[in-house]
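Beneath this line is the structure, given in structure tokens, with notes to follow.
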Amino acid sequence: MTTILPGQTIGIIGGGQLGRMMGLAAKEAGFRIAVLDPIEDSPCGQIADIRIVADYDDEHALQELAQVSDVITYEFENIDYEGLKKLAETAHVPQGAELVRITQNRMNEKAEINTSGAPVANYVTAHTFEELEANIGQVGFPCIVKTAFGGYDGKGQVKVDTLEQLEEARTFFEHSTCIAEAFVPFVKEISVIIQRNAEGQSYCLPVAENIHKDHILHESIVPARIDEAIIKKAEEAAGKIANHLELVGTLAVEMFVLEDGNIVINELAPRPHNSGHYSIEACNVSQFHQHIRAICGWPLRKPRLWASSIMVNVLGEHVEPLQEMLVHYPEWSVHMYGKAEAKEKRKMGHVTIMTDDIDTTLEEIKTSNVWFNK
Ligand code: AMP
């Protein structure tokens, strides 16, 4: 296991908020940061020592990043797989490229989760609309049709209740192959962030309970309000997937909890995750610090939760009310990502609140009038 030490340079592909928070964690220890992003003033660019301004799949730019970096990581999965694979042949990319190939495509992702032995919803794959129509009977209704590529925050997916309604998924095939999976009547959504180093040492962060609004994460509540037995199942499933994929770095595993206490894996993200931001304040090791430890070949730290906490996302429409209200809430840890334009629904920042009383704090969030219900 190659060890990367403070003073050396970590290269990050992608300059968004995840890159920024990775970079900030690394800079605390004295690492230097190089970032590749098409925007000069990107969230990570603002805190980086070296900025390479180019597209993520620009081969020359990737080479340039490799030249100035001692280790390379990425902050999101929608980067060019071939480019990353080529880079990994000459540069130190401890996470490799395989995980990106798998998680970029829901078909591959589902197949790998299945092979790992972790539970997934019953599903079929389809390359054409006609294939979907022919095979949908194996899944039944209601189901959810999802594009295999490029969907996020609920985009590129539709819930289908009848054969006639399947028609709504026809246009998806213009951009991508698809999967159709059984609708899971879940009672809660949770996520497990598992982190692993090249020696196979791994830890899960405390499990988060996730509340979405309009398909975008709104709140993460930690610890998730579920039985210890379900937490165990969730961690075991994440462990199976991480070992099967020979994970190095971070894997976020989103799951559904069923009424009977069983879990079903929804999807994977091969990077720090929005639902793990609470760990910056609430744990003895944040998801970003642990990610840096993993890719730098350091031993991992066993995570501990200092206090229950709630993380709330700050979207474009929440920025102004937050600026007005934050002076009234000294317990709110405010993180803004330095994005120039506060567009509606755009993730601009988040707030973490450590608390002894989750219900009172949930109420405080509601009555603050920052996250108004539109
Ligand atoms: P995804 O983009 O796959 O994370 O899906 C976004 C959201 O859609 C999830 O957080 C769920 O709330 C919902 N969803 C996705 N797949 C299913 C499913 N098979 N059954 C029920 N709800 C789902």
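Here the Cβ of each residue, glycine as well, is placed from N, Cα and C on the backbone.
Curation does not apply to TrEMBL; its annotations are automatic.
In the three-state DSSP classification, V184 (ATP binding site) falls within coil. Under a cutoff of 8 A between CB atoms, and with a sequence separation of 6+ in the same chain, the neighbours of V184 (ATP binding site) are A121, F256, L258, V264, N266. Under the heading ATP binding site, TrEMBL lists R106, K146, 151-157, 181-184, E189, H212, 266-267.
Among the features that TrEMBL reports, domain 'ATP-grasp' is placed at 110-296. Across the domain 'ATP-grasp' (110-296), mean pLDDT in this model comes to 96.
Among the binding-site residues R106, K155, N266, the ones whose Cβ sits under 6 Å from an atom of ligand 1 are, in sequence order, N266. Every protein chain shown contributes to the tally, and the Cβ of E181 (ATP binding site) ends up with 21 other Cβ atoms within 10 Å. The binding-site residues examined here are R106, K155; by Cβ neighbour count within 10 Å, the least packed of them is K155.
The Cβ of N266 (ATP binding site) has 19 neighbouring Cβ atoms from other residues within 10 Å, across all protein chains displayed.
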